[in-house]
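Notes for the one structure printed next.
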Amino acid sequence: MLAHSAVRALSANSRAFSSSVARQTKVAVLGAGGGIGQPLSLLLKTDPLVTSLSLYDIRGAPGVAADVSHVDAYSEVNGYPADKLDEALDGVQVVVIPAGVPRKPGMTRDDLFNTNASIVRDLAAAIGRVAPTAHILVISNPVNSTVPIVASTLQKAGVYNPARLFGVTTLDVVRAARFTAGIAGVKPADTPITVVGGHSGATIVPLLSQNAYGKAITGDIYKALVHRIQFGGDEVVKAKDGAGSATLSMAYAGAKFTNSLLRGLNGEKGVIMPTFVESPLYKDQGIDFFSSNVELGVNGVEKIHPLGPLSAEEEKLMEACLPELKKNIEKGKAFVESS
């Protein structure tokens, strides 16, 4: 009874994502058997804008699909084993990629690079071959490097469209709202915080000054808040004591961004979320990708918004962000060029 009630509650919550009438939308999750992939698949199953869910992994995806398919939401679910990647991608409009190894204590997102870079490259090559017009949402870390890897791989295949490639930085946005609300004593709905830059450590820049509650936080409390937003993942890795990283909150954030994109693709206006995309904002400094508020629409990326006014503290955070972000991006590009 408790489990049934929990599923009902989750399904009801998913309807709060959007009340739009869904078009036929097939979504694939690559890495559906992992710590992020399983809860992400469950959440996407309950999203009314998903009509077909295609789950793939090198192990476990058919079992996850069988399990998730019993949830009483409209979408159909199919699972595909390691040798059926092309079938999993056939006809998909949106591909979400949480594939790869998780962080462990002492590891940075950059430590994940050598393993996850080749995984993401190979998946991107398959997408370029089978579903070249799909919108691609990259969760696999390090996002600052894996998004450029996907872009370069698609460029090699001659099918790259920058309006259809997104690095999912939504967990930084979710953390910023939750942590700021906790300090201010209000609801997270009252503390939407735009987070810009990248998706690791010092490249994460929360623009607290652009929210009334965030602007009121100063001094050591401000510094501690920024550090917690930037390094919230370390908090979870440490608490799990070697058993994994931020999987559940990342799945929630991934589902939240996927729903936002689907709403935009479905024609809803004014859907704006921070996401890591090819951006003109800092191209003059050699930084081709950057996370900022992006309007999502029928083409994917419809409009990249400027950052707006920054406080003196945020200017300093940007000074630390940009050189590190540039290195991360170049590392991803170089990996594809050398492979």
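Any Cβ shown, glycine's included, is placed from N, Cα and C.
Predicted automatically and left uncurated, TrEMBL annotations should be read as such.
Record features (TrEMBL):
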{"type": "ACT_SITE", "residues": "His199", "note": "active site, proton acceptor"}
{"type": "BINDING", "residues": "Gly31, Ala32, Gly33, Gly34, Gly35, Ile36, Gly37, Asp57, Asn116, Ile139, Ser140, Asn141, Met250", "note": "NAD(+) binding site"}
{"type": "BINDING", "residues": "Arg103, Arg109, Asn141, Arg175", "note": "substrate binding site"}
{"type": "DOMAIN", "residues": "25-167", "note": "domain 'Lactate/malate dehydrogenase N-terminal'"}
{"type": "DOMAIN", "residues": "169-336", "note": "domain 'Lactate/malate dehydrogenase C-terminal'"}
Checklist outcome for this item: Out of Arg175, His199, the listed recorded positions, fewest other Cβ atoms within 10 Å surround the Cβ of Arg175
Checklist entry - Considering the binding-site residues Gly31, Gly33, Gly35, which residue's Cβ sits among the greatest number of other Cβ atoms within 10 Å? => result Gly31
Checklist outcome for this item: If you rank the binding-site residues Asn116, Ser140, Asn141 by how many other Cβ atoms lie within 10 Å of their Cβ, the lowest count goes to Asn116
Checklist entry - Could you give the mean pLDDT over the domain 'Lactate/malate dehydrogenase C-terminal' (169-336), rounded to a whole number? => result 97
Next on the checklist: Using only C-alpha positions, which one of Asn141, Arg175, His199 is spatially nearest Asn116 (NAD(+) binding site)? These are the recorded positions in the record.
Outcome noted: Asn141
Checklist outcome for this item: If you measure between the CA atoms of Gly31 (NAD(+) binding site) and Asn141 (substrate binding site) and round to the nearest Å, you get 13
Next on the checklist: Using the alpha carbons only, what distance in Å do you get between Asn141 (substrate binding site) and Gly33 (NAD(+) binding site) once rounded?
Outcome noted: 17
